[in-house]
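Below is one structure, written out as structure tokens; comments come after it.
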Amino acid sequence: MGKGVGRDKYEPAAVSEHGDKKGKKAKKERDMDELKKEVSMDDHKLSLDELHRKYGTDLSRGLTPARAAEILARDGPNALTPPPTTPEWVKFCRQLFGGFSMLLWIGAILCFLAYGIRSATEEEPPNDDLYLGVVLSAVVIITGCFSYYQEAKSSKIMESFKNMVPQQALVIRNGEKMSINAEDVVVGDLVEVKGGDRIPADLRIISANGCKVDNSSLTGESEPQTRSPDFTNENPLETRNIAFFSTNCVEGTARGIVVYTGDRTVMGRIATLASGLEGGQTPIAEEIEHFIHLITGVAVFLGVSFFILSLILEYTWLEAVIFLIGIIVANVPEGLLATVTVCLTLTAKRMARKNCLVKNLEAVETLGSTSTICSDKTGTLTQNRMTVAHMWFDNQIHEADTTENQSGVSFDKTSATWFALSRIAGLCNRAVFQANQENLPILKRAVAGDASESALLKCIEVCCGSVMEMREKYSKIVEIPFNSTNKYQLSIHKNPNASEPKHLLVMKGAPERILDRCSSILLHGKEQPLDEELKDAFQNAYLELGGLGERVLGFCHLLLPDEQFPEGFQFDTDDVNFPVDNLCFVGLISMIDPPRAAVPDAVGKCRSAGIKVIMVTGDHPITAKAIAKGVGIISEGNETVEDIAARLNIPVNQVNPRDAKACVVHGSDLKDMTSEELDDILRYHTEIVFARTSPQQKLIIVEGCQRQGAIVAVTGDGVNDSPALKKADIGVAMGIVGSDVSKQAADMILLDDNFASIVTGVEEGRLIFDNLKKSIAYTLTSNIPEITPFLIFIIANIPLPLGTVTILCIDLGTDMVPAISLAYEQAESDIMKRQPRNPKTDKLVNERLISMAYGQIGMIQALGGFFTYFVILAENGFLPFHLLGIRETWDDRWVNDVEDSYGQQWTYEQRKIVEFTCHTAFFVSIVVVQWADLVICKTRRNSVFQQGMKNKILIFGLFEETALAAFLSYCPGMGAALRMYPLKPTWWFCAFPYSLLIFVYDEVRKLIIRRRPGGWVEKETYY
């Protein structure tokens, strides 16, 4: 950094602004790189004395108000800096002048220019150019407003962070407790928090009483985490003695010293990182840009060629400029901007019905071109509720039902041991169902209590009936709640069973701790001594369930003998007067947050669609790997390096990493990797799980995938996911459990939090890309029959065959509904069985599409139009050869005696009525040939007969364009308004043969493509 400072200091005053900007940019990049690094702090390692010395805080009395005021003046308020927001007017201007709109604006300006030139040089200039300019401007403004309305979402990332900032904080200053505004909390303050509070800043805990915090928005762990003064982990995000700004304290109380405030907190760093990241251009925006380059190239090439040609043909400079402008404007597809916007909007609406809410229209297509999905685990791939998965009793493992609708397997519930186990699980449990939920299915009911206990409660309620009744029957006398030192929970109950002693002691906790307190074990309802063999059996079961990524709890009980503990005995939990050893071990119950039902199928679909699914989670590697196997992210038979090492019984470092298709990467390993090593992992492993990752690492993984050229979708729900969501090509947030911040950073929100909805989105995205190609091919084709009349008018000097107003009637009238109807077309083949498109080679509009639309189908259409034009003029006495070179006298308003081929004389007014009738007929001919074009654009490879005519909107479009053409031709008063005149019915049929020719020509072309895949015809004409 010294270099930058030095330069600014010693350079002369005339330093260029460019240099300054460059410096700012470099500094921003350095800052961003700094934020991407892991959190480095050592406050969690300091002893209380060192903490006191570092912050100068009295650990019981806190800071003095004067010292706090000094620090506040030095550090500024404890608040997040809002990012620079884009003003709404700038966003509106982007919609008005971005991409496609620019092309139309240039067209409009050229029209006004041409009108200006004509007004200055002619006495009575025609108003066509003026109309065209006004219409083009109107089209841009209307579609711009429409797009702006669709995307009227501002960058509210920071506003949602603001909602996370607690308003009040309880601090101790000079020994007095006071509630102050959270913004006034300073580094070194002594702060007290209790259950229900938000943590006001990053705190180093110095004393705690049963304190648990919910870190899920930060680390993605769904279980509340215990907080205590003990230093338990090198990693500050994992140690118990740091509580983070804006996480929630769920139970207990704690005191801590503030170590970071505002932007310097861990959450503040994530916020700054998320708002500072630049999301790149969406793939569809790049495609539209590419398309504009193509069209502009064609327009300018034609314009300049004919400009030179008209000078060679001895037109004046002014006329040549008017022609140049006319040709460029005629090449602009006026209706296409509206068509693309409407097609994307329709798809967005369709996706919303399928639970995918798209915030940004262009993101609709991005999902279709996705090649890698980085998915969060908790709540996206899994159900986000702990569920009992297995039990071990009677020396065997039993499987519980983890399906969402309880349609899975059941186990033997007749064993006496199961009765004892379910009794302990129901009684030694503080979770309760919330009130008034009797009508809801058990699994859907809300529970007050921690995740593991509510899983047990629901399991017992499903298997054994009402737990409330069981608890009333066995009333509780005393209890010792779970704590982190003894790692068990114990309660003593009255036993109503006459055949057993009067008191029942039940205990649950960490399996190894519970086993240590037992001397016997219950097998098939009979108590037996716990020998080594049974201990081994326990150990194997414990390892097996733990290896499945499940959380295992052990359960034991003891029937307290009546002679020692008669009825009314006073149990004392402080000075324990009852046995807590030599108990009877009953069994294990293991829990997992199980996969959602639809996920394995969705992952399979992604795989067949060529999309790589990577799991990125903050959870433990074992759990992550188990879920990855459960949902098919690691498919059957694919091994990780560890699996291969275990199978061959060799150390892990002797296995060649390339032999393993699957790979589980721990966050701590990722921390020390270079970007080249990460690239290697992403390149050579097809199935990857990243576990125990931090927010910054999620971002690094996304950037790694993008370096490989992948188009990356990221799913996430926590604040921790927001930088990755913002950086990804498409960020997908969760609608139900997602934090506001993640929803703001994302481009799309899954309303049902289900990974399977993403697959629906991919399908819709691929379909709209295919259908947009069809819409564009359809729209561009009519450009040729619109341009050629003008070109022939210049070269052959004939009366103008088609006027500007009629061109507008096609582009903004008859072609609109049919072009949009193609968005409703069904897929030709299974789009989910092909690889993602390659953004470099598979373009929305390529040279082949242009050559088909302009060079082939468009030419046939133009022939149809000219045929009609010559037929009408011939019927009125002007034979084709007589027309050559007649233009100057024809357009001269003072000449009233132009002779036709039969010697009849025509006044100026009469000639113009015939000319405008020709314009109308040419327009109707284009509508007739566009019928065939619409039908052939339904498919790109299949025959139309295979595809069928199921698209009702398209059939409506055919009728609509015909009805509109008839209305414009026959409506009284159109002659004065749009200069369109009624046609003889026979003139409608002139273009029919050409329409049929287009249909036959294209069916033959597609037949050859299907018969000879990869052949010359496919290479040249398949778009």
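Heads up, the Cβ atoms here are built off N, Cα and C, so glycines get one too.
Annotated features in Swiss-Prot:
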- 1-39: region 'Disordered' (REGION)
- 1-11: compositional bias 'Basic and acidic residues' (COMPBIAS)
- 6-96: topological domain 'Cytoplasmic' (TOPO_DOM)
- SER16: phosphoserine (MOD_RES)
- 28-39: compositional bias 'Basic and acidic residues' (COMPBIAS)
- SER40: phosphoserine (MOD_RES)
- SER47: phosphoserine (MOD_RES)
- 118-129: topological domain 'Extracellular' (TOPO_DOM)
- 151-291: topological domain 'Cytoplasmic' (TOPO_DOM)
- 216-235: region 'Disordered' (REGION)
- SER228: phosphoserine (MOD_RES)
- 313-319: topological domain 'Extracellular' (TOPO_DOM)
- 341-775: topological domain 'Cytoplasmic' (TOPO_DOM)
- ASP376: active site, 4-aspartylphosphate intermediate (ACT_SITE)
- SER452: phosphoserine (MOD_RES)
- SER484: phosphoserine (MOD_RES)
- 596-717: region 'Mediates interaction with SCN7A' (REGION)
- LYS661: N6-succinyllysine (MOD_RES)
- SER668: phosphoserine (MOD_RES)
- SER675: phosphoserine (MOD_RES)
- ASP717, ASP721: Mg(2+) binding site (BINDING)
- 825-849: topological domain 'Cytoplasmic' (TOPO_DOM)
- 873-915: topological domain 'Extracellular' (TOPO_DOM)
- 937-952: topological domain 'Cytoplasmic' (TOPO_DOM)
- SER943: phosphoserine (MOD_RES)
- 974-979: topological domain 'Extracellular' (TOPO_DOM)
- 1001-1023: topological domain 'Cytoplasmic' (TOPO_DOM)
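Remote same-chain partners of the topological domain 'Cytoplasmic' (825-849), defined as residues 6 or more beyond its termini with a Cβ less than 8 Å from a stretch Cβ, comprise 283-284, 286-288, 290-291, 294, 368-371, 605, 608-611, 711, 759, 762-763, 766-767, 769-774, 776-777, 780, 938-942, 947, 950-951, 954, 1020-1023. Comparing CA positions across the recorded positions ASP376, ASP717, ASP721, the one lying closest to SER40 (phosphoserine) turns out to be ASP721.
Mapped onto DSSP helix, strand and coil, the topological domain 'Cytoplasmic' (937-952) counts 5 helix, 0 strand, 11 coil. In this structure, the CA atom of SER47 (phosphoserine) is 13 Å away from the CA atom of SER228 (phosphoserine). Nearest neighbour of ASP717 (Mg(2+) binding site) by Cα distance, taken over the recorded positions SER228, ASP376, LYS661, SER943: ASP376. Sequence-remote contacts of a segment are chain residues at least 6 beyond its ends whose Cβ falls under 8 Å from one of its Cβ atoms, and for the topological domain 'Cytoplasmic' (937-952) they are 770, 773-775, 777-778, 821-822, 824-826, 828-829, 999, 1003, 1006-1007, 1009-1010, 1022-1023. Note on LYS661 (N6-succinyllysine): other Cβ atoms within 10 Å of its Cβ, all shown chains, come to 16. Counting other C-beta atoms within 10 Å of each candidate's C-beta, the recorded positions ASP376, ASP717, ASP721 are led by ASP721. Here the modified residues are SER47, SER452, SER668, SER943, and the one with the most other Cβ atoms within 10 Å of its Cβ is SER452. Note on SER675 (phosphoserine): other Cβ atoms within 10 Å of its Cβ, all shown chains, come to 11.
Recorded residues LYS661 (N6-succinyllysine) and SER452 (phosphoserine) have their alpha carbons 34 Å apart, per Cα-Cα distance.
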